[in-house]
C-alpha cells in the first residue's frame, strides 16, 4: 500500500511540474469579477501558453504522448458526466408505490394468511394459492412495465448524447481541422465565428470585431468587445456565451466540469417535463380511474351486505370461514380499480415518442424537444428557408458580369485583364472565412459558408492560392456580415495605402458604388452602366441564380477613422451568378404538403425575381399567390398583414426580424407554424414558432440551441417526414385510446355486474344452486359453483397486462403510412377522442357486453352442444367462467386488430405484416393465454378446454372484426375545429419606414410588380376573418410609460377597417400603422432554449427624449420590457 501511495505521489508531482497552473487558478480567469490580475501574474497570453505546453499559432500536437495524456488527467475532458439515470430497481419501486397496487398486495397477503390457516380456511393446503397467484401477477405487470420504462429512458439518453455532439473549428499541428467538442482540451486553439456558442472557457488570441453576449452570465446587456488587455479590452471568453459579431481565435483554459458553463449546467440539471399530450392523457387516466373506484366501492357496498343477507335468508350460519370470501370480494374490488386505471395511456405516449424519435433520427430528424413530435402532426403552415433546404447547397459560380457578361466560366481567365483578376481574386480570398480542410466525410474541400466556398473555387480558375493572398495582405479592420447589412467588408494594407474589399447582395453593393470597371479594365462612372447591371441582376435572378456583388475602394492612411465601414463611393467590380440546384425531391414534397392541408411559404434573403423563379420551380408559388419583399412586409399594419397572409407564398429580401414578424402574426391567427432557420438571428423566430427546425449542416449553434428539431441533412423532404411521424404518433395514441377504453368499460362492467348477480350460497352439507344436470356434473368433475366475480383477480391482472403494456407496445410502434398525409392536419384544439372513436368504442363495448353476458348467463347451455356427451358444464363453475374469460380475451385480441385503423378506413389488415412488433405481441399474448388456461389450474382459476371450445372462443372473438367494419361504415360527421386565436399577440413589430417606397410592394405569381391604378379591384377581408383587434388586446397606457397615447401597436380596429382592401398601390396608407419605434430594439441572443430580448436604445439619453416609443414585445409567457421614463424637468 505504501509503495502505491508513493507512486501516485510521484505521478502527481511530475504532473505539477509539467503543468504548473492549477485548475482553480484557470477558473479564476473567468469568474466574476474577471481575473485580470491573475492573467497578468501568469504572464499574459504567451506566459499562459508556455505553462499549458501549447503554441498560439500551431495549437496542440496531433501525435499522442504522455504529455497529452497528463493534460487530460489534470484538466479533465470536455464532457459533463451523465445525469444520474434512474436505475431499474428504483423504477420498480416507483411502480410499486402506487396506492392501488399496495392495497392489492396487502389484500393478497391477507388472503394468503387466511387461506393457509385451518382456523379460517376449509382447505389450508390450497387456500394460499389465490393470494400467491395475485402477487406473481403483480410482479409480472410491474416488472414488464418497469423494464419498458428503463429501455425508453436509455433511448432518450442515447438521443441526447447525439444531439449534444457537434464539431468546432480548431488548429492542431499547425493545420485547421474540425474537432468534436467532446475532444476539446485545455491548450487547444479554437476558431470562433459569428453565431458560435463557446464550448469552453478561454482567452483571446487574435481576431477582428469579436463581440460576445455575456448577459446571461454577467448581467451586462451590451455586447462585450474582446481583445488584449493592453488595448483596454476584455480578453476572457466564457463558455456558454455567444459570439454575436466578428471572428477570431482563443486559447482554451477550462473544459467540462471545470468550465464556467459546466459548473452552471451541473447545478441546473432538472428532470425532463411531460409533453402536453402526456399531461392531457394523465388527466384522462385519472378520471377513468375515478370511474373504476366508484364501481369498486359500489360493488363492496352492495356485495358484502348481500352476502350476509343471503346466508341469513337461507339459514346458513356465519362462521370464521366467511372471512375468506369477504377478503376475495375486497380483492376483486381492488382489482377492478387496477384494471380501470389506464396507466398504459402515459406509457403508450412515452413508447410512441421513443419509437418515433429513434425512427426520425434514422430519417435525419434529430428531435431535441419531445413535445415537438406531437406538435408537428398539427402543423398548418411551414415557413422554409431556400438555401440548403429547398436547394442542394452545392453552390457554383456559373456566370457573371465582370468586364462584360460571361454565361460560362470557360475561358474567363483569358478574357479578363490581369490587374482586374488580381483585384477580384484578392477580394474573394481575403474577404472570406472559408478555408480548405478535411471535411467530416474525409474529403479535402473548402469548409465554411457555401457562398464563400463557391467564390474560392471560382478563384482557382484564375490560379489564385487563397493562403498566399491571406499571408500577403495584412488585415487592418474587418466588418462582418450581418443580416441587417447584407454585406461583408475587410480593410487591408495594400501598396502604401489601404484597400477595402466588399461583397454582398448585388443590388445593395451596386447602390454603394459611384464607379465601375469596364470591359477594358478602366474605371468609369457608374451612371453609364447602372441600368445594364440592374438588367443583369434581373436576368441572373430569372435563371434562379443567387447574385453576389463585388466592389473595392482605395484609401489613404488617416482618410477616416475606419471604426464604421466606409462603404460608399465604391468601385463596382461586377456580379457573379451562383447556381444552387433545386433538390430533386422538393417539388414532390411540396405537393405532398399541399395534399396534407399544409401551406408552404418560402422565406429567403434572395431578391424577388430569384425567389419567384425558385418558388415556382418548387411548386410553392401558384396562380394567385403573392410575393413580397421583407422591407415592404414590415411596413404593413396588422389589418393589411391579415389581408395578404392567406395568399402570401414568398417573402424575399427578408431579414430574420421579418421572419419573426411573419411567424408571430401567423400564430396570432391561430396557425400552427413550423419554421426552418440556420443563422444566429433566426433564433428568435425558431423559438417563437410552434416547431423550429434548424439546419444540422449549415446551422449555427444558436439556431440549433433555439430549435426543436435538427435537420441532419438540411433537406425539406425531412420536414415532410417529421410531419408524417408527428401525425403517426398522434394516431398511435388515438388507436390505443380507442382500444383501452373499450376494454376498460367491458372489464369493469363484467366484474361489477357478474359479482352482484352471483347467487351461489355454499354450505358444508349441500349446494343450493344449479339444476339436476349441473349437480350430476359436479359429481363427475368434482366441480362446485364459484362465489363472486366471473373474472378473478389474477385473470383481471392478466387482462390489465394485455391492454396496458402489451397493447401500448403493439399500437405505439405502428409505422406511418402515406395515407396520413392525405388529410388536413388535426387542429391543436381538436378533441382527443373524436366522434368516430366514440362510435367504435361504444359499438364494440356493446357487442362485447352482449356476447359476454350471453355466455355468462346461458353459456353453460350453449357450449354443452360442443362438448363430449359425457361432460356437462356447471353453471357458474370454473369451466363455465373459463369460457367467459377466454372469450373475453379473444374479443380483445381481435379488437386490437380493429384498433389499427381510425375513422372510416376499411381494411384493418392493411400493412399488417409491416409491423413485426404487433405480430410478436399478438403471438405472445395468444401463447400465454393458451398456457394460462390449459396449465394454470387453481392458481389462475381456470380449467383446460376442449379443442372445439377453443375454436368456438376464437369464432366468438372474431365477431368483432365484421362488426368493426359495419361500425366504420356508419357515416358520422366530425365538428369543424376552428383555430383558437391567442389572447396576446406574438408578433414583434419593427419601425416602418416614414416614406414607403413605391416599387415592388406585392408581386403575384406572374412575377410582375403591382401598378398603381385607380381601376385596381380590391379583395375585401371577410368580417369573420380575425383582425388585430380580435387577436391583440390594447396596451395599457398606464402600465407602459413608453406608449404614445395617440396610437399603439395592437390597438382595437375601427369598424371601417374591417373591409380593408389588399394593398395594391404604391400610395399605400397604413391603417393601424404601428407607432415609430426607437432605433436599437435588437434581438441579440438566443441560447439554452430561452428567448432573451434586450432593449438597447443607443440614442436614449437625458438630453434627447423619445416620446413616440412603444412597448412592442409582448408574449403569452413573458412580461413586456420597458425603459423607465426620464424624470420630468418640471
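Using N, Cα and C of the backbone, Cβ positions are placed for all residues, glycine too.
Keep in mind the model is a prediction, meaning the values are calculated, not measured.
When TrEMBL is compared with the stretches 244-265, 266-287, 288-309, 376-397, the one noted as transmembrane segment is 288-309. Note on TrEMBL: of 805-822, 823-840, 841-858, the range annotated with the feature transmembrane segment is 841-858. Between the stretches 736-761, 762-787, 866-891, 892-917, TrEMBL puts its region 'Disordered' entry on 762-787.
Among the ranges 695-715, 947-967, 968-988, 989-1009, the one that TrEMBL lists as transmembrane segment is 947-967. Counting Cβ pairs under 8 Å to the transmembrane segment (916-935), the top-ranked stretch among 127-147, 288-309, 878-895 is 878-895. Across the domain 'Cation-transporting P-type ATPase N-terminal' (41-116), the DSSP tally of helix, strand and coil residues reads 46 helix, 1 strand, 29 coil.
For the transmembrane segment (878-895), the most Cβ-contacting stretch among 127-147, 841-858, 947-967 is 947-967 (pairs under 8 Å).
A contact between the transmembrane segment (841-858) and the transmembrane segment (127-147) is absent, since fewer than 3 of their C-beta pairs, 6 or more residues apart, lie under 8 Å.
Beyond its flanks by at least six residues, the transmembrane segment (947-967) meets 839-840, 843-844, 847-848, 851, 855, 863, 866-867, 883, 886-887, 889-895, 897-898, 906, 908 of its own chain at Cβ-Cβ distances under 8 Å.
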